[in-house]
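Engineer: Starting off with a structure, shown below.
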């Protein structure tokens, strides 16, 4: 008879995936040195001010500004942004998904009203805020934020 304890069938073997010993490297092996990456360990904040990251003063300035009209040029739900062509001409205005009011996702051709806010850090470009769809583009399918598709 041996003096070693016998293992029961309910115990896990040292090489099974659930065993903590199988997750460690053997004692005689060293870990691989990874090449240093300048991006490792850093989170790069988005430069776009969303409704959550916009300062209170910028929100107040935008809410006090005039209401503009325009037409949605393009919008990508998966990317979370698009562009609006102003009715009075001029360069296209950036719109973020967090600034769209109402239950529908923007589609190219939708008529909208919006207010404008400058984009930091240089405040040279503009972003549409408080975007409201006034007329759905005719003959297109519109999707609600919950995923229901409605034909207009």
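Just so it is clear, glycine is given a Cβ too, placed from its N, Cα and C backbone atoms.
Curation does not apply to TrEMBL; its annotations are automatic.
What you are looking at is a predicted structure, and each value in this text was computed from that prediction instead of being measured.
Annotations per TrEMBL:
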COMPBIAS  1-19  compositional bias 'Low complexity'
REGION    1-50  region 'Disordered'
COMPBIAS  24-35  compositional bias 'Basic and acidic residues'
DOMAIN    67-133  domain 'CSD'
Engineer: Tell me, roughly as an integer, the mean pLDDT over the domain 'CSD' (67-133).
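Structural biologist: In the predicted model, the domain 'CSD' (67-133) has a mean pLDDT of 90.
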Engineer: With DSSP as the reference, give the number of residues of the domain 'CSD' (67-133) in helix, strand and coil.
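Structural biologist: Its residues fall into 3 helix, 39 strand, 25 coil.
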